[in-house]
Structures are given as C-alpha cells and as structure tokens.
Amino acid sequence: MKLERKQYWIACLFLLPALAIFGLFFYYPFLQSVYYSFTQWNGLKAPVFIGLDNYKYIFSDQQMLDGMKNTLKMVAFGLVVQNPLALLLALLLNRKFRTRAFLRTSFYLPIIISLVVTSIIWGELLKYDGFFNGILKPIIGESHIQDWLGTVYTSFPTIILLTQWQGIGYCALIYLAGLQSIPTDIYEAADIEGAKGFALFRHITLPMLMPSVTIVLFLTVVGALKLFDLPYLLTNGGPGTSSYTLFLAVYNAAFKAQNYGYATAAGILLAIFIIIVTIVQLGITRKREVEL
Amino acid sequence: MKLKGWSALASVLLLTTVMSACGSNNNDGGNSAGTNNGAANNGAANAGTNDGAATNDGAATNDGATNAPAANDKEFTIRVGAWFLDERPYMVQFKKDVEEAYAKLYPKAKIQWDVVLGATYFDKLKAQFASGSAPDVIFYQGADIAASGNLADLSGEPWVNRLTDGAKKDMQTHSGGKTYGVPMGLSIGGGVWYNKKIFSDLSITPPKTAQELFDAADKIKASGKTPITLGFKDQWTAQMFFTNWLNSYTIDNPTLGKDVYDGKVKIADDATIQKVYTNFEQMKEKGYFNKNAISIDWPQSGQMFASGEAAMIVQGPWMPGANVDNITKGGFDKFDIGFFPLASDDGKVAMTLGSNEALGVNAKTELMQESKDLVNLITTSDIISPFMAGDGALTSFTDVSVTYADPAMNEVQAAVDGSTVLTSQFISYLPASAVTNMLDSLTKVVSGVKFNPGDLKAAQSSLEKDKATVVLPAE
C-alpha cells in the first residue's frame with residue numbers, strides 16, 4: 001500500500017512539468033480567452049468588459065449568419081454527395097482490374113498537395129480568361145461564361161466543388177481500408193446462402209463498414225465546419241459575404257475588423273457548436289456499428 | 001503585468017490556432033478605419049486627415065549631425081520593425097543609408113530589421129505590444145497605434161519643429177496634441193492613373209466630373225480596351241476607390257462622418273453614400289470594369305494596366321514606380337502615365353493627404369535615446385528625401401525637398417493644389433468592422449448584384465457595436 005502511494009506521487013511528479021507547461025500554454029490562455037470574449041478589445045488598448053454583448057451580436061451579424069449558412073450547406077453537401085460518392089469510388093477501387101493501383105494513387109494524390117498550391121492552381125484554372133472558360137467558351141458562348149470565383153452566385157458552389165476534389169479521394173481511402181478489413185468468409189457464407197448483389201452490400205458490407213462510416217462522417221462534418229483555407233485563399237469570403245464560412249467570419253472579425261473580443265466569443269461558440277454536432281453525430285453512427 | 005502581457009500574447013496565438021489560420025499575403029487591411037486605405041503591397045494607406053499645405057520646395061537641407069549626439073562606443077542591437085522594406089531599389093538604398101549614418105553615431109551598434117511584409121506585420125506588432133517584445137523603433141500605420149499608449153511621446157524631438165503645417169496635422173502621427181511619430185512623407189489617398197497613349201489615341205482629356213469619367217470609359221470600351229482595371233480581391237483597393245470618390249461627394253456635406261458617428265444620420269439612408277454605390281453599379285452594368293475585377297488582386301490589375309489592356313487604374317502614389325517595374329518585368333511597350341483625382345457629379349474634388357508610413361519609438365524600449373537618435377537621423381534630407389521620392393510622397397518637412405523621377409508626380413501635385421484637402425474623411429469616423437461591411441456591399445455590387453441600400457444596415461449595426469473603438473479625428 002505504501003509502495004503504491006509512493007509510486008503514485010512519483011508518477012505525479014513526472015507529470016508535473018508537462019502539466020505545468022500544458023496549463024500555462026493551453027488552459028491559462030483558454031481561460032483568458034473566455035474573459036476576452038466578454039470584452040471589447042482591439043488588441044491595442046486595454047479590454048473593456050461588455051458582458052454578453054459579443055455573444056448577443058453574433059446572432060445578428062450578417063457575416064456570421066452568412067458564414068453559418070454556407071457552412072451548413074457545406075456539411076449537407078459533404079453528407080449527401082461526398083460520402084456516397086466516396087463509398088461508390090471505394091467499392092469500385094476494391095474490385096480487381098488492371099489500372100487499380102494507378103487509380104487509387106490518382107484519387108489520393110490531391111490530399112498530399114498543399115492547399116496554398118491547390119488554391120493557386122485552381123484560381124488560375126477558374127479565372128475568367130483561364131483554362132475552364134477557354135473550354136466552355138466555344139460550347140456555351142462567351143455571354144454565359146463566368147468569373148467563377150467572382151460572383152455571389154458561383155463563388156461558394158465553386159469552393160464546395162473544389163473541396164470535393166480533395167475530400168472524395170481521402171474518404172474513399174478510409175472506406176477502402178474498411179472494405180479490405182471485412183473477412184471474405186462472411187461473403188462466402190452469404191454466397192452459399194444465396195445472397196447476391198445489393199443484398200450483399202446492404203446486409204454485410206454496409207453494417208461491417210459502419211466503423212469506417214463513423215470516421216468518414218466525423219471527418220466530413222468537422223472538416224466542413226472548419227472550412228477556412230480554400231475560401232480564405234480563393235475569395236476571402238467575397239464577393240460581399242457570399243463565400244464566408246464560420247471560421248472565415250471569426251478570422252476576419254479578429255484580423256480584419258480587429259474585434260478580438262468579439263472574434264474570441266464567436267470562436268468559443270463555434271467550438272461548442274462543433275463539439276455538440278460531433279457528439280450527436282458520433283452517437284448516431286456508433287449505434288449502427290457491428291461488432292465482429 | 002508581464003504575465004498579463006504573455007497571457008494576452010498566448011490568447012491571440014490560441015485564437016489563431018483554434019481557427020487553423022494560415023499565413024497569407026492578402027493585403028486586406030489589417031488597419032483600423034483610422035487608417036483609411038488599407039495596406040498595399042508597399043503598405044500604402046493614408047490616415048488621410050492632413051492639411052494639404054505640404055510643400056516640396058524645402059529650404060536648406062537639414063543635416064542630421066547637427067541634432068545628433070557625438071558618437072559613442074556603446075555596443076547594442078537596435079530593432080526596427082517594418083512591413084514594407086522589400087527589395088525595391090529605393091528601399092534597399094534607404095536601409096543602407098540608415099545603417100551608414102547610424103554607424104557614425106554608434107560605431108558598435110547593429111540595426112536589426114524586423115520585416116514582415118504585408119498586413120500580417122500589424123497582427124504581429126499587436127501581439128508584440130501586448131507581450132512587451134515590440135521592436136525599439138517601429139514603422140506603423142493607423143491612428144489607433146499613435147493613440148494606444150504604446151509609442152513614446154516624441155513632441156520634444158528636434159525634427160518636430162521642421163514638420164510642415166500639413167504634417168503637423170497628420171492623424172497617424174499625432175494624437176491629443178502630442179507627436180508620436182515621423183510622417184515619412186505625405187501621400188495622396190489615391191486617384192486615377194491613366195495610360196496617356198490610349199487617352200491621346202482616343203482624344204480623351206482627363207475627366208473633371210463623374211459624367212466625364214463615364215464618357216471616357218464609354219469611348220475606351222468602344223475601342224475594345226478595358227476602361228478601368230480593378231483588383232478587388234485585395235479589399236484595400238476597393239476601399240481606396242470607394243473612399244476617394246466618396247470624399248469628393250462629401251465636400252457639400254463635410255460633417256457627414258461626424259453625423260453618422262453621432263447617430264444623426266444612418267449609413268443606409270444617406271443619399272451621398274448611396275450615390276457612390278450607384279456610380280459603381282452603373283459602371284459595372286455598362287462594362288467599364290474588367291470581368292475578373294473581384295477575383296484578381298492588385299498586382300494582377302497592375303499587370304493589366306502595364307500591358308495596355310486597361311486604360312485606367314485607381315491606385316496610390318507608388319503607381320509610377322510600380323508601373324515601370326511591371327512594364328520591365330512583363331516586357332510590355334513603354335507608355336507615359338498621367339493622374340487625375342476622382343470628382344463628384346459637379347466636378348468637386350477632395351483629396352486626402354497623410355503619412356503613408358509613420359515612424360515611432362516603442363514606449364517601453366530600453367534603448368530610448370538610441371531609438372530617438374535613429375529616428376532623428378532618418379528625418380535628415382539625405383535619407384528621407386530619396387525615400388519620399390521612391391514612395392511618391394510629398395515632403396513632410398519644411399527643409400526637405402523631393403525630386404521625382406516620373407513627371408506624373410507633378411500632375412499629382414497639381415491635383416492636390418487644385419482640390420479641397422480634407423482634414424478628416426468619412427471613414428475616419430467608423431470602426432474597422434463597419435468599413436469592412438461597407439466594402440462587402442461594394443464588392444457585391446461590383447460582382448454584378450444590384451445595389452440595395454438595406455445591405456448597408458450591417459455597417460450601421462457594426463458602428464453601433466464598435467463605436468467605442470473609433471479614434472476620432474481632431475476637430
């Protein structure tokens with residue numbers, strides 16, 4: 001008993017430096033951030049306590065509201081389009097055919113390219129006198145071609161499509177790993193029982209794939225909620241607020257409008273929102289997971 | 001206090017981390033509304049609240065040595081923070097001149113140039129102020145920095161008496177009757193630079209009213225060229241165009257900014273503000289702007305102008321130098337450029353004149369005298385005059401004259417002389433958040449959406465929320 005207690009205190013002693021550093025550089029600033037979220041602070045003058053004003057204003061701030069609208073669109077698109085497409089792609093890439101290895105690499109390749117590089121390349125391809133309009137012009141006529149990132153109607157849909165270019169390959173890879181972990185003897189047993197085609201997918205593949213579905217949905221939802229880099233680099237939220245996302249709205253509130261207190265409040269609220277969404281989503285998908 | 005400073009720094013970093021913010025060279029204005037035209041690639045922004053009495057006819061050249069202490073053997077490193085000191089020849093020369101002159105005062109001193117190009121510098125500077133680690137000598141933009149208490153009071157320095165009347169009213173370097181920085185020249189807030197060859201080929205004279213500008217744009221468009229190139233992906237360019245045009249319309253309504261600040265007038269309801277938006281709407285509808293106006297940045301719009309594809313560009317005083325660079329790098333045909341200011345319907349013109357870059361001393365520096373000496377020698381004619389010339393700035397010192405390489409700068413001087421020079425401008429009375437909202441509405445219009453005054457309500461509510469952060473111009 002004495003020895004156990006001694007070991008306990010020694011363990012605590014070893015943990016202490018790490019805890020102190022973590023506390024100083026994470027918890028203390030975090031608590032400070034909570035304080036700043038109740039202040040008006042431009043980073044230069046001393047913060048002025050304004051109570052809940054920052055939190056109240058978030059719900060009437062056009063940039064935040066448009067950011068929320070676009071972020072939810074992104075989440076919905078990820079769930080309804082990206083995931084099924086990624087699963088379909090994984091099912092195709094799981095089959096045996098000659099160019100399988102090449103295609104697997106090709107679909108994964110976008111993930112390893114830096115987002116800054118990606119945004120520059122896509123920015124060039126999509127510009128008014130760029131590659132895509134060069135192809136479209138003879139087909140649909142000059143009057144119909146667009147500055148895809150420069151109109152309120154096309155800027156955010158274009159960004160959504162660009163995120164799919166990277167996202168689908170990544171999610172497909174996770175699904176592919178899941179598919180390959182399903183034991184083949186289950187399929188053989190089902191085959192003997194007479195199960196074929198879609199019935200195999202519905203009753204064996206999908207239930208066995210649920211852990212992967214959980215991961216992919218989690219990554220899709222959190223990735224969509226955190227969408228920042230592409231709109232920041234390609235449009236900076238414009239034109240107007242048409243391509244704002246929640247994170248971009250928070251960033252611009254801090255570094256463009258210099259409302260650090262307000263941005264901190266929005267950041268805290270956003271973090272809480274993400275935690276809630278994640279807990280709900282994980283709760284739903286985990287229930288459907290099948291234990292082997 | 002130290003702990004509080006570090007925790008503030010850590011909080012800023014935490015906020016940055018939480019948002020997964022990544023670096024960028026987007027110059028979308030890390031400036032407060034007090035600094036009116038955002039940060040250009042050379043950090044061009046005007047507080048725009050100065051008297052236009054600047055003169056380029058300096059008398060005798062000031063010799064910094066007369067005000068400087070004798071050389072001493074103290075060994076130290078002095079840090080100078082800046083966001084614009086890049087590899088342009090006049091910038092390189094400036095650094096060299098400063099180092100050589102300072103070496104005469106302090107032979108064993110070393111100058112460390114802490115340069116972060118672009119608007120990120122200001123984010124870093126705020127964190128440095130909060131943590132007590134800001135450079136000793138600080139280049140800055142923004143009236144809010146002068147009024148923040150982070151800069152030393154330099155009112156007693158010898159160069160203060162040499163400032164021109166206009167420079168003495170520079171909002172960016174003066175606050176509460178005290179001087180906190182050196183105005184590194186007085187720059188115009190911006191205006192229209194035009195391709196003289198295109199204008200002459202089409203028999204167009206520089207427009208003197210808004211309608212003449214539309215007529216000129218009509219002719220240029222008919223010739224197959226783009227009348228005006230915009231690079232509104234950089235929001236400060238949108239701010240520059242909008243505010244400079246609005247300034248001319250506010251001549252008849254000089255208290256508009258104050259009235260809006262006081263709540264007597266609502267932004268969304270004001271006819272003068274609406275007029276400028278409808279001007280942009282009209283120009284967009286008639287195809288006077290480049291079709292990629294929203295998705296290209298200022299350097300790309302500068303390329304369009306240099307290539308001769310576009311006839312006009314709204315930019316700051318750095319344009320003559322930048323255009324020569326663009327022509328050389330792009331291998332385009334050379335052409336002369338001219339300048340005219342943006343006028344109202346009835347031909348009234350208001351221009352702002354203020355310091356582009358301001359130079360101050362960290363209030364908490366341990367090298368106070370050494371820093372003041374450095375600032376003092378930078379104000380000497382030999383060092384600051386070539387800098388002002390390169391920057392396209394008018395002199396801010398009575399005894400410093402500036403010779404410009406490009407004759408277009410004479411047109412700038414003539415435009416300043418022939419215009420009403422404002423001591424404050426509309427957006428000086430708005431917080432940065434409200435300015436951002438107004439620019440959001442502008443980019444929406446320029447992207448092709450009809451102007452809706454209701455969109456300006458967002459700016460009104462930002463003003464009401466952040467009113468306390470506004471550094472009001474001196475009455």
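A Cβ is built for glycine as well, from the same backbone N, Cα and C atoms used for every other residue.
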A:105-123, A:162-180 - the range that TrEMBL marks as transmembrane segment: A:105-123
Same-chain residues at least 6 beyond the ends of the transmembrane segment (A:105-123) whose Cβ lies under 8 Å from its Cβ atoms: 89, 93, 149, 162, 165-166, 168-170, 172-173, 229-230, 233-234
Contacting positions for the transmembrane segment (A:204-225) when only residues 6+ beyond its ends and CB under 8 Å are counted: 71, 74-75, 77-79, 82-83, 86-87, 91, 163, 167, 170-171, 174-175, 177-179, 182, 186-187, 190, 195, 246-247, 270, 273-274, 277-278, 281-282, 285-286, 288-290, 292
